[in-house]
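Visitor: To start, I am sharing the structure in question, which I have written as structure tokens.
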Amino acid sequence: MIKVNRYEIFLDFSFQTGDYKGYEKIEMESDEETVVLDAVGLKIVKAKVNGKEIEFSQDESRVNVKSGSFSGILEVEFEGKVTERKLVGIYKASYKDGYVISTQFEATHARDFIPCFDHPAMKARFKLTVRVDKGLKVISNMPVVREKEENGKVVYEFDETPKMSTYLLYLGIGNFEEIRDEGKIPTIIVATIPGKVQKGRFSMQISRNSIEFYEKYFEIPYQLPKVHLIAIPEFAYGAMENWGAITFRETALLADDSSSVYQKFRVAEVVAHELAHQWFGNLVTLKWWDDLWLNESFATFMSHKAISQLFPSWNFWDYFVLNQTSRALEKDSVSTTHPIEAHVRDPNEVEQMFDDISYGKGASILRMIEAYVGEENFRRGVVNYLKKFSYSNAQGSDLWNSISEVYGSDISPIMADWITKPGYPMVRVSVSGKRVSLEQERFSLIGNVENLLYKIPLTMEVNGKVVTHLLDKERDTMVFEEDVKSLKVNVNRTGFYRVFYYNNSDLVFNSNLSELDKWGIINDYWAFLLAGKIGFKEYERVISKFFNDKDFLPVNELSNELFTLHAINPDKYQGIAKEFHRIQLKNWRNSKDELGRLTYSNILYRLAAIDDEFSLGLSELFRFYGSLDSDTRQGVAVAYAITYEDNSVDELLERFRKETFDEEKLRYLTAMLFFRKPYLVGNTLSLILSGEIKKQDIPLTLSTAAYNPYAKSAVLNWIKMHINFMREAYKGTGILGRRLAEVIPLIGIGAERETEQFFSNLNMPEAERGIGTGLELLKAYSRLK
């Protein structure tokens with residue numbers, strides 16, 4: 001048994017070369033003959049136990065120290081180097097006029113930085129001291145307690161952290177600018193590269209309000225004296241919850257009054273998500289990566305709860321359903337899915353678990369359970385859980401036990417069904433007079449999955465009255481007092497299942513449908529179309545009832561579906577996609593509220609991509625681009641690119657190169673990915689290899705281009721030629737597999753055999769699940785071409 005109490009770490013950096021020398025003292029106890037430290041890419045120089053130098057051996061991932069049983073101090077002297085090839089461990093994040101050094105350790109990359117016991121359950125305190133060149137700012141989890149000049153450099157000594165896991169340690173070095181809110185505890189600090197920090201005031205206010213919300217909800221104060229929000233110019237993920245030093249890509253942290261509604265929504269959600277982790281993940285941490293979903297789904301769930309409280313007019317739970325639940329339902333419909341609680345044998349498998357199942361499905365199940373036990377019972381259960389396991393480790397069963405104790409009934413059997421089984425059910429509903437027949441089966445887009453039985457907490461509205469029923473067998477029948485005239489199942493879509501009204505869909509339209517109900521019908525029928533359960537005529541008959549709808553959820557869901565159909569086959573689906581988007585453009589043109597402006601922005605951009613005639617007129621606004629509001633700009637830029645093609649390249653490229661803020665830069669990039677001519681899109685993709693498109697933006701670039709039906713071959717060919725480049729850029733992140741799952745179903749249309757052959761023959765264990773998902777979705781999408 002090994003117990004680690006404390007790391008005392010000294011690091012001496014050369015900012016110019018990226019080399020550093022390290023010396024650490026690990027206060028610990030061990031009854032093992034050999035202590036095994038995790039270390040990757042580090043050179044171990046010397047090891048001592050209680051002052052005595054001892055033998056060690058080193059391989060690619062571990063250091064074996066022949067210590068014998070001891071209690072005391074393990075000292076390790078080592079050397080490391082900042083990487084420029086990947087975006088994990090300790091790496092160089094470049095920007096136009098320089099670079100910063102930053103770290104990204106989750107899940108298993110603290111070992112790339114220092115020799116350590118890189119396991120979430122082996123919590124310890126960290127005391128960090130860093131010596132670095134003058135003129136730089138150094139950021140870590142805790143405040144600087146002492147700063148002094150020494151040998152022409154500056155030494156920064158940081159306060160000691162609370163007990164925490166290695167993956168939450170952070171170090172950033174660079175020419176950072178900062179703004180502070182010191183009015184209350186904790187101090188909130190936003191740090192950016194020069195010239196961008198003023199765009200951090202919105203996220204600073206979100207942070208203050210979110211912390212106050214969480215302190216009240218969890219009944220536990222934020223535990224550190226400060227929290228840094230750090231914008232990193234190259235960052236693989238959206239953000240990372242390092243305790244007290246949260247890192248973000250710039251588009252997930254920076255926004256102001258000139259930003260689009262989408263940008264503000266994104267910043268608010270990501271900031272609130274990472275702050276939720278400061279309690280749920282940092283204060284109480286998973287025992288092992290099997291329960292990764294608990295960290296991520298809970299932070300996703302709580303961020304939407306917080307933003308709904310802070311901005312009631314944003315209707316953020318609608319936004320949750322449209323983005324989180326919708327994506328999770330699709331990814332959970334194929335054989336390559338996994339249970340929410342998936343057994344992780346090797347830490348290297350962890351990266352593939354940061355997906356729509358761990359985030360979106362997990363959060364949707366939490367929403368379902370909260371509805372089942374009640375909001376206050378759910379909250380009190382969470383509070384008890386956090387207080388019981390503070391500064392310690394826990395697992396999913398501990399949370400269910402805490403909620404069950406408050407609720408007064410054991411919820412574990414229901415939870416087990418939803419978190420240990422892959423997939424989800426479809427409930428087939430048929431009506432005859434007073435009888436409602438229910439039948440469940442596991443839903444699949446391709447039909448190649450094991451059928452499973454689920455405990456489904458059904459909610460139904462029959463003739464205007466709400467009824468609940470636990471469907472825990474394959475078939476069941478309910479008999480009502482009078483003939484069923486109106487019926488809807490899964491009221492307000494709180495349940496994670498689909499409903500197929502067998503020859504009775506008109507009964508649904510006799511019901512009073514909420515916005516969430518309408519979204520559910522549209523989303524279900526899209527899935528049934530993809531699965532081949534209905535034909536396009538039946539799908540069109542159902543969705544046509546919502547063509548002139550004026551609610552955010554159904555309109556944006558239909559826009560997503562019709563835009564996808566257009567990407568699959570523009571000749572076949574352009575007419576219906578154009579008709580819908582033209583109707584809705586009129587409905588939302590004069591919207592003033594946030595959801596209305598967001599919807600208008602989406603409709604405008606997509607209509608420009610679909611309708612050449614509309615683009616021709618809209619492109620005339622490009623001459624006034626600088627004075628346009630931010631919600632209009634994307635549509636205008638796309639229209640300009642489509643209308644002028646070759647003649648727009650120089651202008652768009654020049655603006656792309658000059659722009660310093662990523663939000664605007666990505667608008668120009670998106671426009672250049674919607675050229676009609678494939679070679680122009682290919683030229684845009686070449687900006688990846690030149691480094692003009694950041695590594696962090698490669699996935700977004702490819703998924704955006706995949707929705708251009710005229711560029712499928714260009715995108716597929718680029719990926720085939722440069723798959724090894726992408727693999728190296730995203731090594732250790734799991735991002736490549738997740739993005740291929742989104743891109744393959746579209747770029748493979750019309751080249752199914754070529755696509756399947758290429759991706760099936762790749763030996764890429766780190767992307768295996770994502771590739772499998774993409775190829776299965778390609779089979780479903782190909783049915784519609």
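Every residue gets a Cβ built from N, Cα and C, even glycine.
Given the structure is predicted, the values throughout are model-derived calculations rather than measurements.
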Visitor: Among Glu106, Glu341, Glu349, Glu370, which is the one Swiss-Prot gives for the substrate site where Gly238, Ala239, Met240, Glu241, Asn242 also bind?
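Guide: Answer, per Swiss-Prot (substrate site with Gly238, Ala239, Met240, Glu241, Asn242), from Glu106, Glu341, Glu349, Glu370: Glu106.
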Visitor: Have a look around Glu106 (substrate binding site) and count the other CB atoms within 10 A of its CB, chains all included.
Guide: 24
Visitor: For the recorded Zn(2+) site formed by His273, His277, Glu296, which further same-chain residues have Cβ atoms within 8 Å of the site's Cβ center?
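Guide: Apart from the listed residues, the neighbours are Glu241, Glu274, Ala276, Phe280, Gly281, Asn295, Phe298, Ala299, Thr300, Ser303.
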Visitor: The record names Glu106, Gly238, Ala239, Met240, Glu241, Asn242 as the residues that bind substrate; what is their largest Cα to Cα distance in Å?
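Guide: Maximum Cα-Cα distance: 13 Å.
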Visitor: Considering the recorded positions Glu241, Glu274, which residue's Cβ sits among the greatest number of other Cβ atoms within 10 Å?
Guide: Glu274
Visitor: Determine the Cβ neighbour count for His277 (Zn(2+) binding site): the number of other Cβ atoms within 10 Å of its Cβ.
Guide: 24
Visitor: Reported as an integer number of Å, what is the Cα distance between Glu274 (active site, proton acceptor) and Glu241 (substrate binding site)?
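Guide: Pair distance, Cα basis, whole Å: 5 Å.
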Visitor: Tell me the Cβ contacts of Met240 (substrate binding site) under 8 Å, same chain only and six or more apart in sequence, or just say none.
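Guide: The list for Met240 (substrate binding site) reads Gln104, Glu106, Ile246, Thr247, Phe248, Glu274, given in order along the sequence.
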Visitor: If we check Cα distances from Glu241 (substrate binding site), which of the recorded positions His273, His277, Glu296, Tyr359 wins as closest?
Guide: His277
Visitor: Run through Ala239, Asn242, Tyr359 for me and report the recorded positions whose CA is within 10 Å of the CA of His277 (Zn(2+) binding site), in sequence order.
Guide: Asn242
Visitor: Can you name the recorded positions among Gly238, Ala239, Asn242, Tyr359 whose CA is within 10 A of the CA of Glu296 (Zn(2+) binding site)?
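Guide: For Glu296 (Zn(2+) binding site), the recorded positions whose Cα atoms are within 10 Å come to Tyr359.
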